[in-house]
Amino acid sequence: MELNISESRSRSIRCIVKLGGAAITCKNELEKIHDENLEVVACQLRQAMLEGSAPSKVIGMDWSKRPGSSEISCDVDDIGDQKSSEFSKFVVVHGAGSFGHFQASRSGVHKGGLEKPIVKAGFVATRISVTNLNLEIVRALAREGIPTIGMSPFSCGWSTSKRDVASADLATVAKTIDSGFVPVLHGDAVLDNILGCTILSGDVIIRHLADHLKPEYVVFLTDVLGVYDRPPSPSEPDAVLLKEIAVGEDGSWKVVNPLLEHTDKKVDYSVAAHDTTGGMETKISEAAMIAKLGVDVYIVKAATTHSQRALNGDLRDSVPEDWLGTIIRFSK
């Protein structure tokens, strides 16, 4: 795999955060952002990035018109000589949710075949959709004073070979971090050396970022409390939250809390028909590979007190009994 990454790459990365598409968009409404959740997530990220620093005035960085507004919100007159906030180093990656998946699944982009007009059109349509979402997430975080920079994998030189990452410009990501910005990447339609094209999921992107940037911990923000032994729903009221999953040296994993025999490697996955990225099964698989690197992974419901504690890094030494989520960590 070709990785463009300089020797002076950014070290001391504190956290990589995955914003699950289902948590920040309305899954049953095409291209609809869950504004309330996204606003809370942006606020929680700001608090986590300040790492115990005294709260400072939020200097919004989105100086563009918003839909339904006739004015531009610009805090430039308030900035003056004010000392900038010292944010710890975070990277954000988000999924597509109700953006992109519809276009990709209807056209078969994930299967490849750019010579087909429907696939080529779907490739364009998918990228329009996911880059629109990326812009709105960048704007939401910027309104919280977080210096975000949207970075699309396709435009940054990411490509695949039979769906495995073949090249990635990680040097640009590292330089962006070292310059004091927060990169915001996303799942994207990319070129594939064998298939012609495919979908590169945000979960796969995070694994490669974690491998080369070596964060202290990784947080997956989802629309459920964590990983269950079966999809939680009104028809499955007895679904069990798996609080800790241990990953072995060979990459295999097992549930260690709670100690339920039937959960070991027998988790029942549920994937929506339009989801071209593999759903929870892919998430656990990629999280296990990250944990194998010695990096703890927390899967937790977005916009909750549980997600704030995970983002803050409060769980690294000990996990309170009242914390709800799933921890995936390496176990020798």
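Using the three backbone atoms N, Cα and C, a Cβ is placed for every residue, glycine included.
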Going by Swiss-Prot, Ala96, His101 bind substrate; tell me which of Gly196, Gly202, Gly226, Gly248 is listed for that site too.
Gly202
Using the alpha carbons only, what distance in Å do you get between Asp229 (ATP binding site) and Lys27 (site 'Transition state stabilizer') once rounded?
22
Express in Å, rounded to the nearest integer, the largest CA to CA distance found among the substrate-binding residues Ala96, His101, Gly202 named in the record.
12
Within 10 Å of its Cβ, which one of these binding-site residues (Gly20, Pro231) has the largest number of other Cβ atoms?
Gly20
DSSP three-state call for Lys18 (ATP binding site): helix, strand or coil?
strand
Enter the number of other CB atoms within 10 angstroms of the CB of Gly202 (substrate binding site).
27
List, in sequence order, the same-chain residues at least six positions removed whose CB sits under 8 Å from that of Lys18 (ATP binding site)?
Val93, His94, Gly95, Gly202, Asp203, Ile206, Val218, Val219, Phe220, Leu221
